[in-house]
Amino acid sequence: MRVVRCVRRFSASRAVSGQNTTEKIVQAHAVGLRPGHRVASGDYVSIRPAHCMSHDNSWPVALKFMGLGATRVHDARQVVCTLDHDVQNRSEKNLAKYRNIELFAAQQGVDFYPARRGIGHQIMVEEGYAFPLGLTVASDSHSNTYGGVGALGTPVVRTDAAAIWATGQTWWQVPPVARVELTGELPAGVSGKDAIVALCGVFGRDEVLNHAVEFAGPGVARLTVEQRLTVANMTTEWGALSGLFPVDGVLLDWYREQVARAPAGHARLTAARVDALAERAAAMQPDTDARYAKQLTLDLSSLTHYVSGPNSVKVARPIAELAPQQLRIDKAYLLSCTNGRLEDLEAAAAVLRADGSVRQVAPGVEFYIAAASAEVEAQARARGTWDVLLSAGCIPLPSGCGPCIGLGKGLLEAGEVGISATNRNFRGRMGSKDAEAYLASPAVVAASAVLGRIAAPCEVLGLSPPAAPAVRASVAQCGAPAAADGAAAAVEVLPGFPRAITGELVLCDADNINTDGIYPGKYTYEDDIPRETMARVCMENYDLDFQHNVHAGDIVVGGYNFGTGSSREQAATALLAKGVPLVVAGSFSNTFSRNAINNALLTLELPALLQLLRERYADAPSQATRRTGVFLTWDVAAATVTVTVGSPTGERVLHQRVGEFSANLQEIIVKGGLEGWVKHALAQSA
């Protein structure tokens with residue numbers, strides 16, 4: 001049973017001058033800020049990442065890049081291409097795509113890593129691209145991994161990647177930042193994977209959805225860098241946009257070891273770079289008055305082995321609850337960017353050779369293994385770890401994503417049960433939708449493979465069964481945004497961008513309105529649909545009454561996690577076609593937010609407004625789409641919103657600050673979206 005304590009609320013204010021580490025890193029990589037502006041959560045900023053990685057999707061990004069009219073990558077040192085997803089596929093079609101990516105990289109002078117060299121995220125870390133206190137992005141959702149080494153890593157969509165290739169920059173809205181304080185020390189044998197699976201379960205009500213997470217507290221120093229990488233990696237499944245660990249002595253020592261092992265003359269792993277990092281680290285720590293949206297705590301010493309599933313990351317239970325159920329398994333997996341590192345392979349090997357001899361994988365069970373990179377596999381071979389795994393009957397796969405993404409050999413078949421040290425167990429992801437998948441640590445996966453059922457390592461090691469203690473954790477909301485009661489420097493408003501946006505609010509009172517509800521999937525791949533038709537089918541899967549309840553110029557208000565689901569850009573463009581200039585929600589899917597701005601649709605997260613409207617209509621008959629007679633005015637120059645009743649000049653019921661929408665972002669909107677902005681920038685530089 002978990003214990004979550006309720007603690008007092010903290011206040012937060014835009015007027016507070018302190019910055020957290022996330023804001024400091026963004027500040028260092030932002031371009032075009034007005035003089036003296038200090039980046040804060042909510043701000044829309046243009047960013048120039050240190051690096052941008054793409055993998056098998058490099059060719060679609062390249063096609064979009066060329067479609068923008070670009071011919072040369074803006075900064076070849078910024079871009080990294082890796083091949084890691086479908087590396088077992090030897091079909092001519094896939095090999096041709098791989099050849100195209102390699103040729104493009106060679107022509108552009110971009111760093112390229114071929115298939116079977118390793119998973120892109122692992123390469124980014126071990127080759128020193130994702131480096132502490134830098135901003136590194138990738139066109140992949142597990143870019144959060146880089147936070148394990150103190151780099152701010154966050155995903156971008158393909159259009160963003162193409163923009164970075166062409167211009168060196170894209171945009172980002174700085175998310176609310178949640179501070180997660182870790183105390184205590186993990187019990188013997190319990191791993192970073194157990195910690196993040198527990199976090200996903202204990203805080204499984206979207207507490208950190210679309211937040212940047214910063215880990216802090218005395219427990220951090222007791223986690224190895226490999227454990228930090230695992231935790232940061234799965235902050236994606238926790239719902240966060242990044243998961244950042246601090247730069248401390250443990251990390252600096254780890255980098256000194258990497259430098260010692262690196263080939264002489266390595267371009268990025270150098271003693272001088274690590275020394276410079278050590279000098280800079282203190283200044284990049286959070287200020288004492290740094291702002292956080294939430295404060296969470298977790299006592300690591302209260303954890304045990306955790307397993308999530310079946311088919312859900314957020315259903316997490318102690319192994320002591322599952323082991324007695326004798327849940328048989330058919331397949332086990334030790335691989336991926338989550339748990340394919342040397343420490344993970346050694347944890348599994350330690351279970352397999354518990355009594356000095358190598359235990360065999362149970363009859364009828366297939367145990368698949370793959371190192372996160374060729375370098376990791378070489379290290380495992382040199383230490384004898386790989387031989388132990390093979391001697392036990394494990395089935396080796398090449399370094400790559402493979403079964404984790406549902407590609408290649410060893411997928412789950414209908415009726416089968418699998419346990420995996422990967423990051424996602426969504427139904428159908430690792431094979432048949434009629435299979436069941438569980439997630440666990442390498443040690444639990446190995447023990448389960450040996451015994452043929454979900455089992456704790458102690459059952460193989462001959463130790464006492466693990467306890468299932470109450471998890472000691474807490475969460476505190478840090479208050480609402482400050483009222484707009486003080487003077488602030490005016491935001492520059494560009495010609496062609498409205499100084500203020502005003503409209504009547506139309507409430508679509510539902511959480512998790514998905515992209516299929518906004519723009520039906522049956523139209524997604526009909527590229528010749530007229531704008532008028534897009535407007536007519538907008539929101540038809542959500543509410544047929546939306547059409548006659550919403551007029552051009554209205555502002556749509558949605559619930560939490562608006563735009564969840566697929567990455568279809570038409571979810572944004574259909575709303576624009578309907579004449580909606582601005583969508584407000586309690587929160588947005590990150591992909592929808594990016595697609596919205598990239599296609600010139602404005603968005604604002606205003607949970608206080610959503611709460612106000614829900615309270616206003618709490619006793620009214622249910623209505624999916626409701627005209628409210630309530631008006632919102634967004635003063636772009638003042639970075640405030642004002643909500644009034646009856647008319648734009650009526651009774652004021654809400655007035656608060658919002659993030660600054662910088663001139664650089666305004667220019668994207670004025671140019672019709674990110675693609676239009678890139679084309680304009682390329683024309684200007686020609």
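Here, residue 1 is simply the first one shown, and the rest follow in order.
For all residues, glycine too, the Cβ spot is worked out from N, Cα and C.
Of all Cβ atoms in the protein chains displayed, 26 besides its own lie within 10 Å of the Cβ of C404 ([4Fe-4S] cluster binding site). As annotated by Swiss-Prot, [4Fe-4S] cluster binding site applies to C337, C401, C404.
Annotated transit peptide per Swiss-Prot: 1-17, in sequence order.
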DSSP-derived class (H/G/I helix, E/B strand, else coil) of C401 ([4Fe-4S] cluster binding site): coil
Protein Cβ atoms within 10 Å of C401 ([4Fe-4S] cluster binding site), excluding its own: 29
Where C337 ([4Fe-4S] cluster binding site) falls in three-state DSSP terms: helix
